[in-house]
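In case it's useful when we look at the structure, here is the feature table from TrEMBL:
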type	residues	note
DOMAIN	B:154-448	domain 'NADH:quinone oxidoreductase/Mrp antiporter transmembrane'
TRANSMEM	B:12-31	transmembrane segment
TRANSMEM	B:81-100	transmembrane segment
TRANSMEM	B:137-154	transmembrane segment
TRANSMEM	B:160-178	transmembrane segment
TRANSMEM	B:190-214	transmembrane segment
TRANSMEM	B:236-260	transmembrane segment
TRANSMEM	B:272-293	transmembrane segment
TRANSMEM	B:305-324	transmembrane segment
TRANSMEM	B:331-352	transmembrane segment
TRANSMEM	B:400-419	transmembrane segment
TRANSMEM	B:439-467	transmembrane segment
TRANSMEM	B:474-500	transmembrane segment
Amino acid sequence: MDNFPWLTAMMVVPLIGAALIAALPSAMAARAKELALAFSVATLALGVGALTQFDLHSMQQFQLTETHSWIESFGVSYALGVDGIAITLILMAAVLTPVCILAAWHDVPEGGSREKNYFAWTLLLLAFMVGVFAATDVFLFYVFFEAMLIPVYFLIGGYGGPGRQAAAVKFLLFSLAGGLVMLAAVIGLYMQGPRGPQGFLINSLTGLNIDPTTQKWLWLGFFIAFAVKAPMWPVHTWLPDAAGVAKPATATLLVGVLDKVGTYGMIRFCLQLFPDASEWATPVVIALAVVSIFYGAFAAIAQNDLMRLIAYTSISHFGLIVLGIFAMTTTAHAGAALYMINHGFSTAALFLVAGMLIARRGSTKISDYGGWQRVVPAIAGVFLISGLSSMALPGLSSFVSEFLVLAGTFQRYKGVGAIAALSIVLAALYILWMYKRMMTGPRPEGVVHRDLTWREKFVVAPLILSFLFLGVYPKPVLDILNPAVQRVLTEVGVSDPSPVVPAAAATESEK
Amino acid sequence: MDSQFTATAVNYWAIMPILIVFGGALVGVLVEAFAPRSSRHSIQVALTLLTVVLAFGALVWKSVDDQGSTLAGALMIDGPTLFLQGSVLLLSFVAVLLMAEKFGSAGADAFTPMGAAVPGSPLEAAAARAGWGTGEVFPLALFSIAGMMIFPAAGDLLTMFVALEVLSLPLYILTGLARRRRLLSQEAALKYFLLGSFSSAFFLFGSALLYGYAGSIQFGQISAAISAAGVELDGLLLPGAFFVLVGLLFKVGAVPFHMWTPDVYQGAPTPVTGFMAACTKLAAFGAILRLAYTGIDADRWDWRLAVGAIAALTMIVGSILSVAQTDIKRLLAYSSIAHAGFILVGVLAFDITGVTGVMFYLLAYGLATLAAFGVIALVRDGNTEASHIGQWAGLGRRHPVVAGVFALLLLTFAGIPLTSGFTSKFAAFAPAIAHGGRMGAVLVVIGVLCSAITAFVYVRIIVLMYFSDAKGEVVALTPSVLTTLGLAIAVILTIGLGIFPSPVLDLAGQASQFLR
């Protein structure tokens, strides 16, 4: 099985699924969701298979590599490969997709070709998500980066709530504008490299000696695209709109997985390819990240719309991830990489449980709820756990990553670390206040709803398991991430600041 | 000079494709005169398609082995010429298939039964009742195609001018032959003719100045004269180069010579619009490449900044004005202006890879735009084309295939990866960054930003087709087998050039060296 193309297979399987579902005759359209679930689970199985082939102690940056020439005259190869960060993100996508398909079981009640297309688009999106994280060719990455917009666009614009068209267009335009700027930088980067038929491989473009001014421009071209995607303040405005109107399953994939392309891109491209420019830009990026953290948190507090609230919490969390990436210490970096995974799962749980509530109440307004823990106690409990994980309660997964990010940031930037730590308080505020407004209080009269169904239990079970497991024992994932993190930081050429322990305060030994 | 007359050597195999097309056009005129009216349409379509296929065959089998300058340097049959001629023939094949659509009427559906009749007159009605058709559109198209094949091959200014006229005159007539909204069509034809003649005059005047400068109309000699001469005649060179370029930039619809484009695109019969947008642009850019790379190349430091400014303006004006359009044909007209700007960015790279990129762009854009106008011709509100974009609302629900094809083409125009639009944009922009210096980089940045603007325009139509509720009685007609074939060729190639562009890119790459 050594030469089995795991990553290609992980794209081909959902592609076949999407094509098959799209081609289903209308009489069979009701079978679309079962098929979609089967194909996404098969993809997940392949992902697990790929993980078994992944060598923690490999000397190569990328493993499971496949390289084929694609457009030789442009220097483009079909080159796939993963490092620790990429494979965990791919696995996260592969786990979240079946979960989302299960959660979206009754999203398109009218059935027929519309339902069919919904699941076909979702599977197509899965294929692109695998591709974007697995691409080790800058051009190929760009192709997936842009192509991904199409399924998301149709998922939001075709199936979302009121205002979906405007939100879908806004999403597409923000992403396209960012992406097209990146295209100019992609071409410019190629010209700086060795060119030739494999000129777009990341390996060919790493460690180049680029003139500082050019490097800064190129860095900026990439960073703008990723900042839009991540999204960071001030180019975040598309996210609340898009996530607010999208179906919960779509919002989950959008915020949980797709936006990670932004932060992943910062690590893979901004840092690895332009180390000097990244260091040059660090102060500004950190400032933007801190603004994002607090802007997202305050905006979340002010929301009365459940979906928008969760979207704003994500902006805050993405601020923390970006902070961890650009703090450039091993601890913060590992924390950021781990945070990407944890945030994916906890946001998924929040969105999907919120979706269950919305499906019952028929409203996204927080003020339309109240006292619901007496109506649907199990859902309320799950919602609370998801919320607690999102606000980084110790013992749940996000705590580990958030702590690592803050501690790592503190090593280098004490003031920033201290300020960013305040966001924990705000997180508690927006999560608990939301819970209070929706769940506590007297039981609303005459409101009877079914509590968690079996299907919904299967939706939340893997997510909650991930909180508990990664919260108590994150080591396996950190073991996968750490070599990759080390490698990136070596490429940038930074080392951790040595801890300064004043002799008098030696008892204060914690870092 | 020799007093004795020596016959010019003609390499007949090299120019065989052009001769075949001319021959086919002449036979078409005879068919129009002598064939019975009932079978004229079928004969004309068959003859035209056969001519195009034969010419393509001659090009692929014979001309490629007989490259060189012929007719005393009047025609340069080299790599770019052959690639562009082949592209013109391929695109024309699709265009003729689309022109031939009848939708059950006696003649081609897009064309008036009697061009000479006053719009709305009893004569016109009688011609329609009698089932007449305008079969002469096919020989006219063939003449135009022949002109387009000579245009990029021209080795001197005079041949280029003749080709310009040969390709333009039939187009002026074709523009005025729309069956519906005839006044608009005739107005468009008149505008096109007047402005076209005006630009031809510019071209001629520029040619005269260049002749005065170099003492020759041959590109090779002009180029040599520029390299050799001092500065004393520069007063002739720069205006000459500028006026000649104006004449050519008019044909591609570059700003500020674009004013005719929206009116003509809107007024002309839709298949003719597609033919113009695809083939005229291709041939004219071929001529621009020839002139800029082999004729006035040595002087490019004097004029490239001006053309760079034109490219920037073209992209900006084309994309911004396309936002405000409500007529789908006008919208695509402005989009074609923006695309002309993108292509100019590639032209200004002044490198062999730029030629490759431009040629690939022209072919890919031509296929997509032909298919787009082909689809527009299908969407009807009652008896007329539903050209207001509001009428396209909800088309995705009622006609998923038609709307899906159009959405794909719009994504292609927007340059989304995995479509030919992206590959071609990359092919044109990459050389500009690599070899175009700072101006190239700036133009590319303007280009990508303008792409984002145009993407907004295209996406708005997709939104309308898929996410809006239908209004009115707009339907998509079922096309005939021939039209379906034409659309299928264009759409499949559009996807193919997006996913596996290598063969065509390599071909364009091998064919991008100009003979000087």
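Just so it is clear, glycine is given a Cβ too, placed from its N, Cα and C backbone atoms.
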With contact taken as 3 or more Cβ pairs under 8 angstroms (pairs 6 or more apart in sequence), are the transmembrane segment (B:236-260) and the transmembrane segment (B:137-154) in contact?
no
Tally Cβ pairs under 8 Å between the transmembrane segment (B:272-293) and each listed stretch (B:81-100, B:160-178, B:305-324, B:331-352), then give the stretch with the top tally.
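The stretch with the most close Cβ contacts to the transmembrane segment (B:272-293) is B:81-100.
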Go through B:12-31, B:160-178, B:400-419, B:439-467, B:474-500 and flag the stretch with the largest number of C-beta pairs under 8 Å relative to the transmembrane segment (B:331-352).
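It is B:439-467, which has the most Cβ pairs under 8 Å.
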Where else in the chain does the transmembrane segment (B:81-100) make close Cβ contacts, counting only residues six or more beyond its ends and a cut-off under 8 Å?
17-18, 41, 45, 48-49, 52-53, 55-56, 59-60, 63-64, 67, 75, 108, 110-111, 137-138, 141, 145, 148-149, 152-153, 269, 271-272, 274-275, 278-279, 282-283, 286, 359, 362-363, 366-367, 370-371, 373-374, 377, 482-483, 485-487, 489-490, 507-508, 511-512
So which residues does the transmembrane segment (B:12-31) touch in its own chain, when a touch means Cβ under 8 Å and the partner is 6 or more beyond its ends?
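Residues packing against the transmembrane segment (B:12-31) from afar: 40, 43-44, 47-48, 50-52, 54-56, 58-59, 62-63, 65-68, 70-71, 75, 77, 85, 89, 135-136, 138-140, 142-143, 145-146, 149-150, 153.
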